[in-house]
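Listed features, source TrEMBL:
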REGION    1-27  region 'Disordered'
COMPBIAS  14-27  compositional bias 'Basic and acidic residues'
BINDING   51-56, 161-162, 225-229, 294-297, ALA349  GTP binding site
BINDING   SER55, THR192  Mg(2+) binding site
Amino acid sequence: MGAGAAGLRGSRLSPEERANSSKSRAIDRALSKDHTDDLNRFKILLLGTSESGKSTIFRQMRVLHLDGYAKEDALEYLSIIHSNCMEALTQLVDACSAFGILHDITVQEDVNRFEDFKRKLRDPEGLVIPVVIGRCMDRVWQSSSLQLCYETRRFRFALLDSAKYFMDNIVRLTEDNYVPTIQDIVHCRISTTGINEIAFNHKKMDFKYIFCLKWPFLSHYRMVDVGGQRSERRKWIHCFDNVDMILFIVSMSDYDQLDPEDHKFNRMKQSYEIFKTIVHSDLFRHASIVLFLNKFDVFVEKLKTSPLRRSFKNYEGDNSEESARDFIKKLFRRCITDRHKFFVFETTATDTGNIDLVFGSAVAHIVNENLRSAGLHE
C-alpha cells in the first residue's frame with residue numbers, strides 16, 4: 001500500500017475527535033445566534049448616579065416582562081432585606097441621639113438589646129434577624145420617640161428611602177420561614193457593581209407597523225445596568241456600543257443633598273453634569289434619550305420643608321410642586337441637542353404600575369418618532 005493511502009488513514013478523525021469537532025461547531029453556531037439575537041434586540045443603557053433608583057427599575061423589568069422571582073431566587077434577597085432593616089433602624093436611633101430625642105425606659109431597653117445584637121454579629125453578609133430581635137425592632141420603631149424623629153426630621157439626616165416600608169413590615173420580614181415578596185425585593189437597596197444585563201420581550205406593546213418597517217427588534221429588549229458609584233463609572237465605556245436608547249435616572253429628592261462620595265458637590269447638580277456629558281457624546285448621536293425623574297413622591301414631600309431655592313439660587317419660582325418640577329425638567333432639557341429624540345417622565349421606581357406605564361409610554365414615543373421619521377406615521 002502506498003504512502004498516499006497511509007496518509008489518508010492518518011488524517012481520519014477518531015470518534016472522540018469527531019465528537020469534539022461536532023461540539024465546537026455547535027458552540028460556534030450558538031455564539032453566532034447569540035450575536036445575531038443581540039443585534040436584533042433594542043439595546044437600552046441604564047445610567048445614573050448611585051442611589052438614583054436605576055437598579056430598582058432594572059428589577060421591575062424582571063417583574064413586568066419575565067417571570068419575576070422564583071422562591072429560590074427570592075431567598076437570595078433575604079439577607080439584603082434584613083441588612084436594610086438593620087441600617088434603617090440604626091439611622092433612626094442615631095438620629096434620635098443626634099437631635100437629643102430621649103426614649104422611655106422600656107424603649108431604651110429595646111434599643112440596648114438591638115445595639116447588643118449588632119455588636120455580636122459575626123457574618124453581616126449572611127445576616128438573618130431572629131424573630132425575637134424583629135419584635136424588639138418593631139417596638140423601637142413604634143415608640144413615640146422614633147415616630148417623632150421620623151415625622152419631623154426625616155429629611156434632615158441620611159435615611160434609607162424604604163425605611164418606613166421595612167420598619168412597618170419588620171414583624172413579617174423576620175418571621176420564621178419568611179420568603180421575600182416582589183414588593184420586598186423591589187424596595188430593597190443594593191449597590192450595583194459590575195455590569196448586569198437582562199433580555200426580555202415587551203408583553204403589552206402593540207407594534208402594528210413594525211414588520212412593514214423591518215424593525216422586529218422593537219419588541220425585543222436588552223437592558224444593561226451598571227454601577228452608579230464614582231468607582232464604577234469607568235466601566236460604563238464597555239457598554240457604549242450599539243446603544244439604541246439611554247435611560248438616565250435622576251433622583252428628584254437629591255436636589256438638596258450632598259454627594260456622599262464628595263461633599264463639595266450637590267447630588268442633583270452632579271447628575272446634571274454626568275447627563276450633559278452623556279448626551280453630548282458622539283457615541284450616542286443616534287440614540288434616543290429618556291430621562292426618568294425618579295423619587296417624585298419623596299420630592300413632593302420634601303418641598304414642604306426644604307425649598308428648592310435654598311439649593312438652586314437661580315430658581316425664581318414659588319415652592320409649588322408644579323413650578324419646582326418644571327424647573328428641574330427645563331434644567332436637564334437644556335442639555336439636549338436637536339439631533340436627539342428626548343422624552344422625560346416623573347417616576348416612582350418602587351411603584352410597579354407606574355414603571356409599567358412610563359416605560360411603555362417611553363417606548364411608544366420612540367416608536368412613533370421612528371415611524372414619523374420614516375413617513376409612516378402622522
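The backbone N, Cα and C atoms fix where each Cβ goes, and this holds for glycine too.
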Inter-residue C-alpha distance, VAL226 (GTP binding site) and SER55 (Mg(2+) binding site) (nearest angstrom): 9
Cβ-Cβ neighbours of GLU51 (GTP binding site) (radius 10 Å): 20
For LYS54 (GTP binding site), the number of other Cβ atoms found within 10 Å of its own Cβ: 25
Cβ neighbour count (within 10 Å, all chains shown) around SER55 (Mg(2+) binding site): 24
